[in-house]
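Encoded as structure tokens, the structure appears first; notes follow it.
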Amino acid sequence: MNPQIRNPMKAMYPGTFYFQFKNLWEANDRNETWLCFTVEGIKRRSVVSWKTGVFRNQVDSETHCHAERCFLSWFCDDILSPNTNYQVTWYTSWSPCPECAGEVAEFLARHSNVNLTIFTARLYYFQDTDYQEGLRSLSQEGVAVKIMDYKDFKYCWENFVYNDDEPFKPWKGLKYNFRFLKRRLQEILE
């Protein structure tokens, strides 16, 4: 798809995780989307491969690519096979913009062998109807879109962060913000 797209990173640093994934309603100065992923390749009901990694937006003179597009480019070029079913799970710092949501929905419509679940820390411009429609288009294409809760943040910390065996430390307001964002997402997807 795009030869300038970098391969996924193995993990991120703790400060990056706490800054980028904090589930605030309004998250000023968080201008990047980080996407942690797992890909399970399934043949005859058995997991035959397992990939994990981290993408972030690539914004430079050569490439302007949101994290979702980076993932799709890598996945199509390096992983995707018509003879394998895939369960893909994303943990994102922001929900997709309308353009990325549309591209992902179109990709899934063309590849019935790929199932996607998205856990997101925050909803991007959730008051904007275009962004709401993007989330609905994903849901209509069979994507389970969910708000990250404590166990999801902990999972990301344990699997996608260079954590030096330190435990995940939840921030003040995590549970309250989760409830608020979950209600907003339910309203959008109704």
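Just so it is clear, glycine is given a Cβ too, placed from its N, Cα and C backbone atoms.
What you are looking at is a predicted structure, and each value in this text was computed from that prediction instead of being measured.
What Swiss-Prot records for HIS66, CYS97, CYS100 is Zn(2+) binding site. In sequence order, THR33, ASN57, PRO96, CYS97, GLU99, CYS100 are the residues near HIS66 (Zn(2+) binding site), counting only same-chain partners six or more apart with C-beta under 8 A.
Annotation comment: Swiss-Prot describes 29-138 as domain 'CMP/dCMP-type deaminase'.
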Count, for each of the binding-site residues CYS97, CYS100, the other C-beta atoms lying within 10 angstroms of its own C-beta, and report the residue with the smallest count.
CYS97
For the domain 'CMP/dCMP-type deaminase' (29-138), jot down how many residues DSSP puts in helix, in strand and in coil.
35 helix, 40 strand, 35 coil
